[in-house]
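**Q** Would you mind keeping the following structure in view while I ask a few things?
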Amino acid sequence: MSEIEEKFNESSYGADSIKVLKGLEAVRKRPGMYIGDVGDGSGLHHMIYEVVDNAIDESLAGYCDLVRVTLNKNGSVTVSDNGRGIPVEIHQEEGISAAEVIMTQLHAGGKFDQNSYKVSGGLHGVGVSVVNALSEWLELRIWRNNKEYLIRFNNGITEAPLAVVNEDINKKGTEVTFFPSVETFTNIEFDFGTIEHRLRELAFLNSGVKILLVDNRFEEAKEVEFYYTGGIEAYVKYIDRAKHAVHPCIVVNTENTESGISLELAMHWNDSYHENILCFTNNIRQRDGGTHLSAFKSAITRVITSYLDTTGLNKKSKNDFSGEDTREGLCCVLSVKVPDPKFSSQTKDKLVSSEVRPVVENAVYTKVLEWFEEHPAESKAIIAKIMEAANAREAARKARELTRRKSALEVSNLPGKLADCHAKDPAISELFIVEGDSAGGTAKQGRDSKIQAILPLRGKILNVERARFDKMLGSDQIGTLITALGTGVDNREFSLEKLRYHKVIIMTDADVDGSHIRTLLLTFFYRHMPELINKGYLYIAQPPLYKVKKGAAEFYLKNEQALQDYLIKSTINDATLTLDGKEQLVGDNLEELINKVVKFNGLLDHASKKFNRSITEILAINDLLNNKIFELESDSRLQKALDVLNSLEESPDKTNWEVLKHENKVEFFRFSRGLKESKILLKEQLESFEFVQISKLALTIFDIFDKQLKLIVKSQEFGILTASQLLNAIIECGKRGISIQRFKGLGEMNSNQLWETTLDPAKRTLLQVRVAEVDEAEGIFSTLMGDVVEPRRLFIQANALNVVNLDV
């Protein structure tokens, strides 16, 4: 903090620094022009980003090193920083405080005065006033001049002038709390994951700034800290955490003093077959690239050409390389700071500042070529990868030519297994990609042949994450799919205009095998036809796993979770849980308990692979699945838990469970026909991820299961000792009077059932595939489908809690 405080200079950032371009009415009339889409959630989240960007501008100027974003219980958001604090003096032109000017006048702020900020982000350069205009209410607190100032707004209108509410405050900074307007936004619920991604991105781009994200909306608060001293080099390693790097990161940091443009670059080649380049200007992502991206690509091609010519390595190559070959497996984060950037649109998705290109191209060419010359061994490995890419591209070209020659001799270019639709208009045509010939036959009978085409895929789908392009083209299933779609597949041939269907629907079984095939197909589309996803043409069908019949009524349920939910809901209104014969849980209170028990049950199922499930549950609901089990004071509680366990597992062939405590382990044992059965619980296991989560959840239901419980459903009574007993009793009661049919696959349905549940546009449910954050999607596909095991293990461990029922 001391360095930041030393840089503080009130006179350099005061009311005179605030420049004004007036008018807020247009913001309320056309909010989408200023904040983004108000219907899909992007504009809502940009409200937070606009305020955060102002704090980051303070950090870029050297005055702020801590930003905090808090999602409050009432639905509002608070963003605070420890910067200089917004100026509070009276603005000469406006006659009101500078803080009020900033919050009520469009295009008002320090970023419009070049002496205040050298470079700045901000969403659209329209200022935080847009956030105020689109908020039901907003509260601004400022700590400056050893005082605390407060001003409030309703629908963008000032309640009262800025006022001092505290004095002798040894603090500097700004805090904005706002509640989005329900009249503007379709939905005002913020998504933690979306915000988390953007804040992590900002923390990587602004090394040394600590960003805290706190979610207070739920019973258990959630807090994530983002702080990276490694900057964008750490960002590249984070993005590529599931891949093998060919060499250490190449890092470039340079500034052009004449133009004021600075460049940060971190890059490395990995063992994958896909390029991943992220471009930023003043901390804002350009998804469509621009002059900085063009300059970078040109520079890299020049570097490789120059290095090959200098070393003579080009003589070893069988094929000439292209720019695409040089970028195969390249992961790069390119961040430029530009004093006055120009973009192609309000959303800043493409940089068009022409002065950026020569600065970036010259800097990248000079510095990266220098690195190549200083690291001959690593450079040789990179060149070998590029040559391999060129050879694979040539092999793919020959494979395509062979395919074209074969197609020219055929009467129809469409694959034989495709049952095409009659419609020729892609806008109304649908293609169902179906798992297997059996399901394909049923789908062909049940479809609406006017608009629905069926393509059955039989056999193993290729994992394109681990396959080169030429190998992919050699796959029968992938080749059939490419031909049916009609678009071509690589950058040279792909044409979205040639797509024959504007709904491409993946329809697989609702089991683990179906999920795996679906993931393989999603990997193909993400890697080789991302345009289909971007345009919203790719969907996932939702076939049911169960058919339930109750009396004359029949209905379908999507999966195990939906069936369990139905059985619980059909029982809960007729159920009463009595505690010690006195207190009763019914209705919403009982449902709340059951929801916790369902999650608890799922955790126990997951942990049962590592330790006995029954023992784990008994210890957890007695608050003993932790180090308390080693304490003498817990012996009576442990014996009570064993008594319950033995009553549940009573058997004439087995003795009761007994326990022996050791220094670092607890042994549970019993004898079955003279043979000893032993379960060892190690002290270190108690600190494992699974057991800690089970213990946390068990504490929320501990008080209930510490009592004598009786479940009454209609006229039937059940004695309840454990959470599993309670859940099983509820579910079994729900099964009475109904028949349940489980479909093992789509082929088990008849054509009418498939039409009613999955094909009929009027009744079906489709999930549209969208990629909200490209680099997060990149990481997930690399983690799940790549060949690095450790990141996949960590991913499964981290997300295990989200799986309540796993159908295996």
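Each Cβ is built from the backbone N, Cα and C atoms, and glycine gets one as well.
Pasting the feature list from Swiss-Prot:
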- Glu435, Asp509: Mg(2+) 1 binding site (BINDING)
- Asp509, Asp511: Mg(2+) 2 binding site (BINDING)
- 429-544: domain 'Toprim' (DOMAIN)
- Lys460: site 'Interaction with DNA' (SITE)
- Asn463: site 'Interaction with DNA' (SITE)
**Q** Look at each of the binding-site residues, Glu435, Asp511, and point out the one with the fewest other Cβ atoms around it within 10 Å.
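**A** Per-residue Cβ counts within 10 Å for the binding-site residues Glu435, Asp511 bottom out at Asp511.
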**Q** Tell me the residue counts in helix, strand and coil for the domain 'Toprim' (429-544), as DSSP assigns them.
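**A** Computed counts for the domain 'Toprim' (429-544) are 53 helix, 21 strand, 42 coil.
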**Q** Given the binding-site residues Glu435, Asp509, Asp511, find the one whose Cα is closest in space to the Cα of Asn463 (site 'Interaction with DNA').
**A** Glu435
**Q** Reported as an integer number of Å, what is the Cα distance between Asp511 (Mg(2+) 2 binding site) and Lys460 (site 'Interaction with DNA')?
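**A** Approximately 16 Å lies between the Cα of Asp511 (Mg(2+) 2 binding site) and that of Lys460 (site 'Interaction with DNA').
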**Q** Sequence gap of 6 or more, Cβ distance under 8 Å: name the residues on the same chain that satisfy this around Asp509 (Mg(2+) 1 binding site), in order along the sequence.
**A** Glu435, Ala439, Pro543, Lys744, Gly745, Leu746
**Q** Would you count the other CB atoms within 10 A of the CB of Asn463 (site 'Interaction with DNA'), including those on all shown protein chains?
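**A** Asn463 (site 'Interaction with DNA') is surrounded by 16 other Cβ atoms within 10 Å.
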**Q** Please list, in sequence order, the residues in the chain of Lys460 (site 'Interaction with DNA') that are at least six apart in sequence and whose C-beta is under 8 Å away from its C-beta.
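**A** Counting only residues 6 or more apart in sequence, the Cβ neighbours of Lys460 (site 'Interaction with DNA') under 8 Å are Gln477.
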**Q** Across the domain 'Toprim' (429-544), what does the pLDDT come to on average, as a whole number?
**A** 85
